[in-house]
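Enquirer: A single structure is presented below for examination.
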Amino acid sequence: MSDSGTLVEKIWQQHVVDDGDGQDLLYIDLHLIHEASSSQAFDGLRLAGRQVRRSDLTLAVEDHNVPTDTLAVTDPISREQLGALRASCAREGIELLRHGDARQGIVHVVAPELGLVQPGMTITCGDSHTSTHGAFGALALGVGTTDVEHVLATQTLALPRPRTMAVDFTGVPGAEVTAKDLMLRMLAEVGANGAHGYVIEYRGEAVRRLSMEGRMTMCNLSIEAGARAGMVAPDDTTFAYLEATPRRPTGSHWDDALAYWRTLRSDDDARFDRVLTLDVGAASRYVTWGTNPGQAVSLDGAVPDPSEFADPGQRAAAQRALHYMGLQPGTLMRDVAIDVVFIGSCTNSRIEDLRVAADVLRGRRVADGVEMLVVPGSMEIRAQAEREGLHQVFLEAGASWRFSGCSMCLGMNADRIKGASRCASTSNRNYEGRQGPRARTHLVSPAVAAATAVAGTLAAPGDLN
Amino acid sequence: MQAIEAHTGRMAPLRRNDVDTDQIIPSDFCRRLTKTGFEDGLFAGWRADPDFVLNREPYASATVLVAQRNFGSGSSRETAVWALRDWGFAAVIAESFGDIFQRNAGKNALLAVALGADAVGALLDHATERPDAEITVDLLDRQVRSEVGVWDFAIEDRARWLMLNGLDEIAVTLGRDAAIRAHEAARPPWLPRTAAPTRAVPVP
Ligand code: SF4
């Protein structure tokens with residue numbers, strides 16, 4: 001490796017415990033766990049007579065299986081899962097944020113909010129959207145349950161060195177174009193496999209201008225392009241965010257940390273394995289029409305005709321997707337009628353997202369026949385929104401205001417879409433059956449979600465009178 | 001993990017790109033606390049269609065699944081691997097895989113082998129025309145052999161070594177405890193720690 005390096009290479013080097021047999025053993029600074037991917041890992045440890053190596057570098061959160069309309073858990077399978085996590089955390093001495101706790105929420109929302117995610121760290125979680133934490137200039141990797149067990153037991157993971165990819169956004173789009181729109185635009189360009197195996201670093205003025213919330217949305221969606229991780233180099237926006245978090249370093253540790261964090265950037269002459277330049281100066285709001293996040297189009301556009309796709313695989317996929325989605329080629333996206341609107345998930349449920357949605361809904365009503373769910377990403381965000389009176393706006397508009405959890409993002413808990421209803425969702429996956437066995441999902445930004453709730457069809461705030 | 005050197009069996013052709021893990025096993029089936037018994041969730045949504053390939057013999061009892069680009073993308077759920085294994089699959093051949101899926105497969109002795117589009121196309125055609133045809137996925141030789149062709153595949157050395165020897169990866173890593181300790185001793189003091197837990201609280 002040369003002296004000049006990319007951000008990810010620098011972080012990687014700092015965490016190599018042992019290099020050998022083609023992979024590096026990396027130390028993991030923070031291990032996040034949740035109830036849906038950890039129980040078998042804890043069982044494995046127990047059966048082997050092993051213990052958690054660093055419970056003080058581990059944080060557990062209840063999010064995937066919690067109900068969001070009540071603090072009582074009645075579903076027997078959810079009770080069993082949450083009970084198993086509670087017992088494991090008590091036994092192993094792991095901090096656990098429980099359903100109803102003031103700091104509970106979606107794991108990828110809660111950890112940064114606490115200040116546990118800091119530049120230069122390595123982070124893993126048994127969840128693909130762990131990529132979210134790259135927004136802080138950390139290397140954050142989603143893993144499966146066997147790897148969860150490995151990190152619990154050893155605080156390390158053996159990983160192949162990643163290929164690096166720079167995504168350079170050029171131009172600065174209008175203020176209405178959010179991180180979600182930029183990413184759906186990128187996904188439409190590269191496809192659901194377009195960054196396969198890479199660690200992406202997002203660069204450019206359009207990224208620098210994003211808040212930390214926007215950067216988290218951006219990095220969160222990296223996995224939808226098949227990337228291993230996504231990152232944004234830390235800057236003053238990052239440091240200001242961290243300074244306001246409860247668990248940041250304090251005193252001289254803060255000064256030392258800050259001095260180190262300021263060195264965390266790719267060198268000017270660092271070489272990436274791949275560079276993608278995307279002009280977003282004229283980008284618009286984006287929505288999905290199909291059944292993977294790469295099947296996206298401008299809200300100003302129409303459902304594509306599968307015959308437009310040159311690649312036979314893409315053509316077949318588009319045909320299947322339109323059949324599942326019940327859409328006709330050529331239909332304007334703004335003519336697509338919606339039954340359910342979901343604002344939530346680790347992609348778009350942070351305070352900034354709720355503010356944007358409330359601004360659209362203030363003084364308006366959710367259209368007749370449309371059900372709208374607003375699920376804050378954490379109980380802290382819920383409290384903040386209530387301090388700002390946002391919950392009143394949602395309730396007066398006719399939306400349902402919930403406790404925090406993954407909710408309708410994944411059809412695992414009680415919040416799911418019935419039948420073949422059509423949902424405008426601020427989440428991250430529009431797969432077949434993701435939000436319920438026959439549910440049809442359109443991925444949108446919070447502003448589009450809110451405007452859609454009012455219009456009853458996919459809409460931008462400017463479309464409302 | 002069970003050691004595996006090679007597998008020979010019949011193929012089930014799944015001519016699709018981007019088969020995400022939510023399709024392989026919908027999340028409703030992922031709520032069990034066990035590591036086995038996930039076969040009923042395998043492609044549960046698609047199996048509702050009587051024409052789906054796994055609803056037809058001899059494909060229903062095939063042991064090598066052949067799919068196209070980006071198989072196992074999306075959610076990190078390892079239940080996707082467990083469901084394939086519990087159904088009876090020993091190998092999946094595709095043009096490419098979701099990273100986390102492929103990694104999970106290697107930890108469960110499920111061979112997840114990427115071949116070029118031409119090879120995959122030839123195998124899909126072969127499996128369609130000759131449902132009883134057998135194929136061998138050879139981890140030792142890093143090779144796929146069938147009547148319609150022989151192809152080498154690439155696999156990370158470490159993943160291959162763990163699978164060939166059926167090793168407990170945690171035990172291997174714990175063998176490097178001294179190196180882990182040395183790293184721990186040198187970590188910067190400002191790095192965050194989580195809080196000591198409170199007592200166990202029952203689910204409300
Ligand atoms: S909100 Fe959705 S994507 Fe995020 S962690 Fe929960 S289930 Fe996964």
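Each Cβ is built from the backbone N, Cα and C atoms, and glycine gets one as well.
Marked as [4Fe-4S] cluster binding site by TrEMBL: A:CYS346, A:CYS406, A:CYS409.
So where do these features actually land, and what's packed around them?
Expert: Other Cβ atoms within 10 Å of the Cβ of A:CYS346 ([4Fe-4S] cluster binding site), summed over all protein chains shown, number 26.
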Enquirer: Just to be sure I understand the packing, how many Cβ atoms besides its own are within 10 Å of the Cβ of A:CYS409 ([4Fe-4S] cluster binding site)?
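Expert: Total other Cβ atoms inside 10 Å, all chains included: 30.
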Enquirer: Which state, by DSSP, holds A:CYS406 ([4Fe-4S] cluster binding site): helix, strand or coil?
Expert: coil
